[in-house]
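J.: Residues or ranges marked as domain 'Phosphoribosylformylglycinamidine synthase N-terminal' by TrEMBL: 51-163. Annotation source TrEMBL lists domain 'Phosphoribosylformylglycinamidine synthase linker' at 187-236. For 453-604, 852-980, the entry in TrEMBL reads domain 'PurM-like C-terminal'. Taken from TrEMBL, the feature domain 'FGAR-AT PurM N-terminal-like' applies to 667-821.
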Amino acid sequence: MDEKGGKWLMAPLCLRFFSVIDSPHTEWKKSTIRRKLLERTGEKVEIRVEYCYYVVLKNCVNIDEFQEEAVEKLQWLLSTSPFDHNLKRNSQLSGTIKEIGPRPTFKTAYCTNALSVLAAAGIENVLRLERTIRYQFDGPIPEDDILLQVAGDQMTECIYHENFDFTPVKGREKFFEIDIMGDPRNLDKANTELGLAFDESDICYYKDLFVNKLKRNPTDVELFDLAQSNSEHSRHWFFRGCLYVDGNERKESLMDSIRATQNHSNRNNVIAFNDNSSAIRGFNTVLLFPSDPTTTSSMQLRQVRRHITYSAETHNFPTAICPFQGATTGTGGRIRDTHATGRGSHEIAGVAGYSFGNLHLPDYHMPWEDENEYPYAFSHPSNIAIEASNGASDYGNKFGEPVVCGFARSFGQRLISGERCEYVKPIMFSGGIGAIDDEQTTKLNGQHGTLLAKIGGPVYRVGVGGGAASSHIVQGSRESVLDFCAVQRGDAEMGQKLHRVVRACAEMGNANPILSIHDQGAGGNGNVLKELIETGGGAVINASSFELGDDTISARELWTAEYQENDACLVNATDISKMMKISRREKCNVSTVGTVTKDSRVVLTNFDDEMDDRKPVDFDLTALGSRTRKEFNLRSLRMLLKPLELPARLTVRQALEMVFRLPSVASKRYLTCKVDRSVTGLIARQQCVGPLHTPLADVAVVALSYFDKVGGAVAVGEQPIKGLISPAAGARMTIAETLTNLLASPISSIRDVKMSGNWMWAAKCDGEGARLVQACDALCQGLAEVGCAIDGGKDSLGMATTVGGELVKAPGTLVLSAYAPCPDVTKVLTPDLKGPQDGTRCTNVVYIRMGSSLNHNRLGGSALAQVLRQIGDEPADVEDLAGLARAFTAVQKMILDDVILSVHDVSDGGFITALLEMSFAGNISFRADFTCKSDPISFLFAEEAGVFVEVEQRHSAFVIKNLKGHAEVKLIGEVYPQYGPDATVEVIVNGEHVIHEKLVALREVWEETSDRLGLMQTSAVCLQEAKLLSFILLFLNLMAASSFDRFRLDR
């Protein structure tokens, strides 16, 4: 490379441009890198940074002509400001420079979208445009591997050295056969070398299939296909399998038990268990439609029947490897699940959840966090907490889907048995609520000659083998190079283009050209194209018909890579022109890659330049589909437990100091404030409530139309730490939390509530499978008692990893997402205390214990137990789920009758936390005075199922009477119209003051962990400005009204 001679060609047909970066975000990024380098090396450095743009041209381009015609446009497009063309042809840095950029084989989303912009600007003959960051160090120069870890992405980026070249270093790899006819043991060898994750039953089955039935050798492409398409991740062998628990055969599979919950609720599902999302019966409403979706046209109002969809999945393994990309692609994949429902549906809002290990934040020691080793191949929990949420937020912000609900949990502890239990492998949960028109709910079958089309981005070699990788019993046990290959990358702009194509097709009503559609996920083309024809028939698919993002893509990569932002669909030949017309408008590629045939064979022909008689894939689907259920022998292991021991001198205030800093209890402002929560204009309730915009809402609610009040409500619940003590109790408490979160929104009926069940469990580790069965049985029984049902879900059963030779399992986790029709989105309540609305002295707060007695105040698995580095032996539980359901219905009626002002559920942190959170959000004083039979600490910090409701004094007796026979109820205090800095909190238990202080002081403790996490993702200046705004609002006593039709500043 010639840095000085004015030549920017560092390799044939490659131009470079430079731009110095100077912004507040850059300063924060530099300070973060300096801090991380100081932690890793113990040395301080100063940093200057600049962007470098690589413009890779086609070989046919005349360089002089290109510079004359296009460079001025490039400078305008690539400059950071349209008014200041700060792009230079020479570097502005000097001395020793380190450069980080995308790997040469990894075409980034930035590149894909940049090329689209260049084409629109008339700049042609550009093969690639990538952006790197160059660092000039004043001080010790960090090693390459350290710098990449603290400033880059090890999966997608590398350090650039002298003579770096984007030119591919090798051609397309050819497919090959594995000789198992000659020696069946070669399949075992291929299993290890290719990372196929076949278990013993898989290997025996495939040996028999190829040697005895098909009587031929498999190709590497076919084995990769089988590894992904038939992986645990894709086929759910455990949940569909034959289970023997302690030698006793279970009468039905877990999947059968879950499906049977449908028998105990209203039959309001229009889609359940057989599509990419589930859907429940919605409402007749008025919607806007284009008169001609294929072109620019006028909009018209149309009366339609619109149903409510919900989909949820996790992206745990990719997020462990690369949190940002893992979370972006998890969000993107779930978004495509939503729109690939039926023959095309609509996204409205997202749900996000994160479970990670102990944070170990800098200069913020938490006494319950043990010093432990973390695996090199996985990201540190603090990085996951920040980068995973950044990835999900980034994708949603760019795509245009708000995040309106979620959860966050941190846990890591060495149990009484000595084993380490921690979310070293994290959970990245993504859910989405949407809508589908009645006429689009049923997929149609293809006939002979029907076209198979791919919509979306081009083929890249990313996400190769993800289905198999995430199906390993113990994660991180493979070669790290295989793990990195299995992670994808997200392109939200391409995702939005794809969405618009699908939406336009669905808006055509009965003329929709899409017969059936599936999003591409685990298993890539090999899985999604077979899904389209699984009801009958076969297909011939042509490798050369795919749009390639890299000309060196091999047949194996084409067939199995999970490259993102892509759908497959069936389209009649007579209708493909409609889809092509829409795709040209949206600048989204559509490729017809094959046709449906009459036989049951799926054939992938090779690339045109590599044609021969042997095909990379030639499967008979009838042979593949004949496999019997897998058998699993499980045994129960007794969990070693020890009663919880409370320190003798522990005060309520001391306990709050610890509990309020636990991530599962503390403020989630670090998650909510960086993501859009209102885009689409259909969001009726998102997380932030009250005058200080406190992130506390229990339920999210969306409208189905701009012209109506009908909509859908969604809430999430998970109680894994209680499940460590008793999986059954954990499952029942998860049901209770989910329903008490949903309670704040009026719904049509509790029997209309449907739930998605997502299981994250190390189920194939000794003892864990039996625990999962206990939880599943309790879940199914509990749902029968409350009258709700499961209608979908996913499982992730590789929630264990090895660290320093030790097996570390994550807590077995069940996440339930409940969704239901909401007849009036304007009647949704929030948790913030409102104070008297009728001119009286105060309002009352009523505590409703749901499903258990007030005499039960169990602390096992609670937040208090966790901060005391214990688990306990008796968790909170629900003895009467039917009573909980009756209480739910009674409260719902009072919400519709405008009797209740505020409602909030008791969950992590217990009774006292929920009560204080309501006051924090309302920025208002309250006084609680009550008696209890147990000791105050147990009563205040127990997490037994229940809710607080705020009511006008005149309604207190009515509320208590209405709940008689359904729940135990206690009038516990009053809310006074004293706001802001003057607000106080007073709690008296059994005649003794346990708390009496300013509200502001307690709220600052509750916000502190969020503030610390905020410093890791934004500049201290920005965080201080946000805090200052909160204090200004606090001192102005700004009051936001709780209704839709008034806003007042009179307090």
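Numbers run from 1 along the shown chain.
Note: Cβ is positioned from N, Cα and C throughout, glycine not excepted.
Please treat TrEMBL annotations as automatic predictions, because they have not gone through curation.
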J.: What are the DSSP helix/strand/coil residue counts across the domain 'Phosphoribosylformylglycinamidine synthase N-terminal' (51-163)?
T.: 36 helix, 33 strand, 44 coil
J.: Do you know the DSSP helix, strand and coil residue counts for the domain 'PurM-like C-terminal' (852-980)?
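T.: Secondary-structure composition of the domain 'PurM-like C-terminal' (852-980): 51 helix, 34 strand, 44 coil.
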J.: Over the domain 'Phosphoribosylformylglycinamidine synthase N-terminal' (51-163), what is the model's mean pLDDT?
T.: 85
J.: Using DSSP, what's the helix, strand and coil tally for the domain 'Phosphoribosylformylglycinamidine synthase linker' (187-236)?
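T.: Once the DSSP states are binned, the domain 'Phosphoribosylformylglycinamidine synthase linker' (187-236) shows 36 helix, 1 strand, 13 coil.
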